[in-house]
Amino acid sequence: MKTIHDILPFMKNVLVRVDWNVPIQDGVVLDNSRILETVPTIMGLLSSGKHVTILTHLGRPNGAYQAESSLKLLQPEIEKLLQHPVNLIENLDQLGHQWEHQISLFENIRFFPGEEANDPELIKRLIQKADVFVNDAFSVSHRAHASVEGITHHLPHCSGVLMDRELSNLSYFHEHYEQPLMAICGGAKISTKIDFIQNMLKKAKTIALVGGLANTFLKAQGLNVGLSLVEDDAIDLAKKIIDQAATEGCELWMPNHVRVGKTLTDTPIDKAATEVTTDERILDIAPRSLECLLKTANDAKTIIWNGALGVFENPTWSNGTFTLARELGRLTQQQQFQTLAGGGETVMALRQTNTFNQFTYVSLAGGAFMEFMEGRKLPGIVPLL
């Protein structure tokens with residue numbers, strides 16, 4: 001792995017790709033974690049006399065300017081965390097002149113159509129007068145975009161501090177974890193987790209299927225899940241996974257008891273998964289099944305968690321996700337097992353329960369986290385190796 005210490009000593013102008021795609025509401029940054037975690041890389045460069053230009057995206061502007069995705073919204077927060085003024089570059093014509101400033105921030109890279117197309121012409125303009133490229137954006141390194149993968153073909157390149165930490169910790173959990181391994185897989189859809197699940201089938205003693213994803217598996221087993229979120233076109237896929245688990249000797253755990261309501265505003269009702277009526281929705285795991293899940297977790301030495309157990313954004317249906325976060329955090333601190341968590345909603349749940357620092361490691365990445373744990377080669381990582 002090429003690090004900052006290997007290639008930076010004799011280079012002055014540094015392009016740094018970060019992922020500052022953070023939640024903003026009414027002009028206020030709700031979670032600055034992704035900015036904060038990259039401060040060591042940027043401040044380390046500044047302290048050694050480098051001139052830094054930062055590339056990032058915000059939101060999904062689809063190659064066109066959107067005021068609500070402008071990095072002007074982030075500039076005050078960035079300057080506060082870096083404790084340093086930041087020069088905002090608003091268009092391509094200003095590129096090449098930014099090196100007069102110690103820190104420059106290029107406007108949302110996804111405002112430019114060439115970014116996601118990995119366009120050589122955009123890359124040529126981005127690298128003007130740059131000496132070296134630092135990738136500190138693990139969470140977008142599964143994208144073969146101009147500012148992630150394309151630049152590496154034109155400049156010397158290395159990883160940043162956050163990138164090093166992500167790769168070191170995820171590599172440990174991917175390759176050197178202690179058995180028995182348990183994976184807890186939640187969220188909405190099988191289709192976004194299929195490769196992760198199939199990879200875990202070969203490694204894990206138990207895979208716990210929870211959240212909306214579990215509904216599809218319950219329906220595949222012939223249960224009535226009412227109006228619950230289900231991927232009907234993934235029913236056959238769920239059946240295939242059930243068969244594969246039996247072949248691999250991996251236990252597929254699913255909740256026997258669920259928390260239901262007809263709408264999100266209903267008072268929760270706990271019942272057996274076999275008793276859900278046609279007008280009800282499964283919106284959380286019931287405490288009875290959650291207790292069973294935690295007992296199963298006690299037999300593990302390594303736990304990997306991705307995805308919520310219910311509609312936790314609504315306090316009425318947050319008990320399953322929040323209780324699991326607190327219990328896994330508490331037991332990790334008691335050295336019952338090691339824990340790895342990743343993915344946007346999982347990280348959000350850990351933040352809301354103040355358990356983020358109780359886990360062995362938490363990845364700030366979503367899609368990149370999943371693809372790395374699936375064993376894929378990420379376009380933004382391969383050039384760094």
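Positions of Cβ are set from backbone N, Cα and C atoms, glycine also.
TrEMBL does not curate its annotations; it predicts them automatically.
The DSSP secondary structure for HIS57 (substrate binding site) is coil. Look at TrEMBL and you will find ASP19, TRP20, ASN21, HIS57, LEU58, GLY59, ARG60 tagged as substrate binding site.
As annotated by TrEMBL, (2R)-3-phosphoglycerate binding site applies to ARG34, ARG110, ARG143. If you draw a 10 Å sphere around the CB of ARG143 ((2R)-3-phosphoglycerate binding site), it holds 20 other CB atoms from the protein chains shown.
Among the features that TrEMBL reports, ATP binding site is placed at LYS193, GLU313. Secondary structure at GLU313 (ATP binding site), taken from DSSP and collapsed to helix, strand or coil, is coil. The Cβ neighbour count for GLU313 (ATP binding site), using a 10 Å radius over every protein chain in view, is 14.
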Nearest of the binding-site residues (ARG34, ARG110, LYS193) to HIS57 (substrate binding site) - Cα to Cα: ARG110
Cα-nearest neighbour of ARG60 (substrate binding site) within the listed binding-site residues, ARG34, ARG110, LYS193: ARG110
Of the binding-site residues listed as ARG34, ARG110, GLU313, the one whose CA lies nearest the CA of LEU58 (substrate binding site): ARG110
For TRP20 (substrate binding site), the one of ARG110, LYS193, GLU313 that lies nearest, given that the binding-site residues are compared by Cα: ARG110
Those binding-site residues of ASP19, GLY59, LYS193, GLU313 having Cα within 10 angstroms of ARG110 ((2R)-3-phosphoglycerate binding site): GLY59
Shell of the substrate site beyond ASP19, TRP20, ASN21, HIS57, LEU58, GLY59, ARG60, same chain only (C-beta within 8 angstroms of their C-beta centre): VAL22, THR56, SER69, ASN108, ARG110
Candidate with the highest Cβ count within 10 Å, taken from the binding-site residues HIS57, ARG60, LYS193: HIS57
